Amino acid sequence: MGKRFPSGWFSPRVHPPRRQRSPMTNQATPGTASVWNNIEGIGFGGDYNPEQWPVSVRLEDLELMQEAGVNFLSVGIFSWALLEPAEGQYDFGWLDDVMDNLHGIGVKVALATATAAPPAWLVRKHPEILPVTADGTTLGPGSRRHYTPSSAVYRKYAAGITRVLAERYKDHPALALWHVDNELGCHVSEFYGEEDAAAFRLWLERRYGTIDALNAAWGTAFWSQHYGSFEEILPPGVAPSTLNPGQQLDFQRFNSWALMDYYRSLVAVLREVTPAVPCTTNLMASSATKSMDYFSWAKDLDVIANDHYLVAADPERHIELAFSADLTRGIAGGDPWILMEHSTSAVNWQPRNQPKMPGEMLRNSLAHVARGADAVMFFQWRQSFAGSEKFHSAMVPHGGRDTRVWREVVDLGAALQLLAPVRGSRVESRAAIVFDYEAWWASEIDSKPSIDVRYLDLLRAFHRSLFLRGVSVDMVHPSASLDGYDLVLVCTLYSVTDEAAANIAAAAAGGATVLVSYFSGITDEKDHVRLGGYPGAFRELLGVRVEEFHPLLAGSQLKLSDGTVSSIWSEHVHLDGAEAFQTFTGYPLEGVPSLTRRAVGTGAAWYLATFPDRDGIESLVDRLLAESGVSPVAEADAGVELTRRRSADGGSFLFAINHTRAAASVRASGTDVLSGERFTGTVEAGSVAVIAED
């Protein structure tokens, strides 16, 4: 337990932080620009795993790649056991051939460090690298991601194979990007082993400096949890009752940090050997992944890359896709990003793995491009015949060429070639939704007023409403610049720093319409309640004081004064400078404000004290859009997804994606890039138009 890590174990930042940008900036960071300098047009391809196939199939792959228009592939992600079959013994013959052959057909490569699954010989020699769960269970090999990022031994071996790969391929003309590890935090995102505990203690000591500062931050006077030294602290594992919330929150921060510090340790090797080659890892930004603070990770990635998979059972899965893509663009600070993985059709890991409908793959792919992706990639190139993912769809299905999926892959490749002029353009938004992983973590730690308050629910309800109206929206960190946004939505931002709260208040004072919801501003970054009445950090901005929470029982609803209903949450709101626009009805909150507004500077601050039903959300969004002056990207029939990308030279591209089974009208003028003809104003059922606007 008392183990100390050697100097240098905490790897330094290897390049400067990413520059924060205002919404309208069209300037790429140097690292991002260098990625696209290596790839012509929109990147198109997927994970390529040639080690699973004989040479004859690999040669056929080259023909099929050219037929489909592939120009970008990730290679070697899970190949460590073949590249280094025994410690210090390497076999690069197959990879040499693959790199040379791909270069021969003009394909650029995101070469992986191959570290996402340690080989069997390494696990046998060093079982201490295996991850340990909260109940003390050691997770064994036979799958993937079976290591802990805090293992000094694993870091040494991972850095070793990374260095050998970098030295061998540093001058290869196919190398465009380093794909560092893979889906960090997937399957296992919390680590409880002895080495993890030691790393956690060291992280805490560096964060707080003294044990007294930690005791104050964690409120350890409660339940006799006081610590006399950092050596007494363990990760928050299985315990008789609820655990210290400050300890839980810091453990979330630590695990997110540990995964990224492991990434940085490999990038340090790559920077040393190949300083001109950009580096990234594939995130999993979506409504399903909360364990990693991707906004804090972004500064260490030269280009943001993301994996996204639909939930087949979700009837509005295209809206969740838009949410994920908008979040990814926000993490990227507005830069173009890479869709590193999605599926051509069914996945293999959901309870019922339905295929995508005809045309859905094209709509999905172009929806990501519409929202900022400059590369569209899949898992994987060729569908495996063995292994856990053999029923996961791929670009080349088990049935080969004579399949719907392959024909749609070829059609998509042709469409992306036509969209080359879109590359480098950016999505412009005048509306923003504030998004913070730490607030997500803190709000869902146990012992809150209601288990029904989930961080994403209200946030996604507002995003959905804006999506349906064709209003473009950015996801922004609470500390990021809000200049240029006319509408800012702050949903269940339970914990917030003083600086972030001031940033949001400044947006209202500067002319923005700001909406803050219930259960926002309640605690500071230590999860200490801000005393004096809720909503704490936003009380003065909003001109309200909440005396007491009134969470609703499961299934209960409240009628509001405008005739709509709400659920989940209510509270006793007092006006303190604000004006009531809506009230609760019925005992015990009859006449108590449920929606308020306060004029602030040249803007306004609204407060929402409940979770409205869909009619209530729609009515409120209409009111906010009217006040802020934010308008839809264009006018179109219902069911058409609208997004605009604008290039630095002023050119604009309107993406109109028809998610319905009937032709739809879109009011726009220009040339449809996909057809090469003047846009007629109609998008056929299930089709996409990309209009280079006049």
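Note that Cβ sites are derived from N, Cα and C of the backbone, with glycine treated the same way.
Taken from Swiss-Prot, the feature region 'Disordered' applies to 1-31.
What Swiss-Prot lists as compositional bias 'Polar residues' is 22-31.
The substrate binding site annotation in Swiss-Prot covers Arg144, Asn182, Trp349, Glu389, Lys390, Phe391, His392. Cβ neighbours within 10 Å of His392 (substrate binding site), excluding its own Cβ and spanning all shown chains: 21.
As annotated by Swiss-Prot, active site, proton donor applies to Glu183. Close to Glu183 (active site, proton donor) in the fold, though at least 6 residues off in sequence, lie Ala116, Arg145, Thr281, Asn282, Met284, Asp307, each with a CB less than 8 Å from its CB.
Glu341 (active site, nucleophile): 21 other CB atoms within 10 A of its CB, across all protein chains. The active site, nucleophile annotation in Swiss-Prot covers Glu341, and the record cites similarity to another entry as its basis.
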Request  = Looking only at C-alpha atoms, tell me how far Phe391 (substrate binding site) is from Glu341 (active site, nucleophile), rounded to the nearest Å.
outcome  = 16
Remark   = Once DSSP output is merged into helix, strand and coil, Trp349 (substrate binding site) belongs to coil
Query = Just checking, which of Trp349, Phe391 (binding-site residues) has the fewest C-beta atoms within 10 Å of its C-beta?
reply = Trp349
Task = Among the binding-site residues Arg144, Lys390, point out the residue whose Cβ has the most other Cβ atoms within 10 Å, with all shown protein chains included in the count.
result = Arg144
Inquiry  = For a quick check of packing: other C-beta atoms within 10 Å of the C-beta of Asn182 (substrate binding site), how many?
reply    = 23
Cα distance (Å, whole number) from Asn182 (substrate binding site) to Glu341 (active site, nucleophile) = 11
Query = What span in Å does the substrate site cover, taken as the longest CA to CA distance among Arg144, Asn182, Trp349, Glu389, Lys390, Phe391, His392?
reply = 20
Key: Count of other CB atoms lying within 10 Å of the CB belonging to Glu389 (substrate binding site)   = 16
